[in-house]
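Swiss-Prot lists R29, Q30, A31, G32, R33, D79, Y155, S210, H342 with the feature substrate binding site, giving sequence analysis as the kind of evidence. Residues annotated as site 'Transition state stabilizer' in Swiss-Prot, with sequence analysis given as evidence: D79.
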Amino acid sequence: MSFAPLQNDTFLRACRRQATDYTPLWLMRQAGRYLPEYKATRAKAGSFMGLATNVEYATEVTLQPLERFPLDAAILFSDILTVPDAMGLGLSFAEGEGPRFAKAVRDEADVAALAVPDLDKLRYVFDAVTSIRRALNGRVPLIGFSGSPWTLACYMVEGKGSDDYRLVKTLMYSRPDLMHRILAVNADAVAAYLNAQIDAGAQAVMVFDSWGGVLADGCFQDFSLEYTRRVLAQLKRTGVDGQDVPRIVFTKGGGIWLDDMKDIDCEVLGLDWTAHLGKARAIVGGQVGGPGKALQGNIDPNVLFAPSAQIVTQVRAVLDSFGTPHTDKTTTGPTHIFNLGHGISQFTPPEHVAALVEAVHGYSRSLRQR
């Protein structure tokens, strides 16, 4: 499988802690409902799953934000719940309600029946990865992704999204043996799923631990981080083009556990807006010439509802909080990939995103010229 050579490798260089001319950026959920063109494609597809399972539509919506904004990476258009769906839990999206499963995993029999799914059931995802990579034609790198074992388990046990995580936490505290079994299956499934995305052409992969932050200290380490480690240990290190494939881990609410996360086997840690990039850099960013992790994040997505002048101010505050970027192209050092602290809201005005992108690229260039 061969693809066009990469023209803009700024994002991948930053993942590898190599100096870049400016701070690269992409946005979580950058292909989505805030774009009128996305809504038009979704209407054609008839439903969210109709969109996600159709290679042509998934390719179209992945590229839509890149047609509007000079972003530095594309991310596969899909959903984290495709893996439990392939396990036979029956995923559906009711209009305005969010995801739900026809079958939840709550007792011994449910857990005993769980297995790593046949990856052929997810062929539509891998076909989309290859199609998107071809359509990008080397413009920017393509990121593949999955939910974390813990985050998938939250949906699998609850049967849908939750405000209090009562059912999944009840199972965790009362039958930790069952919880560990679910998480072990999930970890092996996520690793196989991400490896198949890498084989299909993904140039970086990201694990979204969206609900890791709801766990108590101690439980996070045992029930979330431990199984994220299990995923990372199984991931392929080389992509189809012979290049290394950076691994990104994002735990929403995980900034308090950076000491625990600094030694996990990934290249990039994502942070939400509650973390301070400079403090995170001191813990995990490393020194010039030494080991460390790149950081990704972490502006509050709600900043995008403010007027453009305030967006620029907040962008500068985030870039300043990371500190002086490393500029020595002969070695590695602390690097930053600009992103939101969570997914973009569907109500965001697209012109505000344009202001954000322009501010990130412009101000981060000027920081390197001081």
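The backbone N, Cα and C atoms fix where each Cβ goes, glycine too.
What Swiss-Prot annotates, mapped onto the structure for a quick look.
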residue : record                             : Cβ neighbours (10 Å)
R29     : substrate binding site             : 18
A31     : substrate binding site             : 25
R33     : substrate binding site             : 15
D79     : site 'Transition state stabilizer' : 17
Y155    : substrate binding site             : 26
H342    : substrate binding site             : 22
For this session: Could you tell me the maximum Cα-Cα distance in Å between the residues recorded as binding substrate, namely R29, Q30, A31, G32, R33, D79, Y155, S210, H342, rounded to a whole number?
Result: 23
Exercise. In angstrom units, rounded to an integer, how far apart are the Cα atoms of Y155 (substrate binding site) and D79 (site 'Transition state stabilizer')?
Worked result: 12
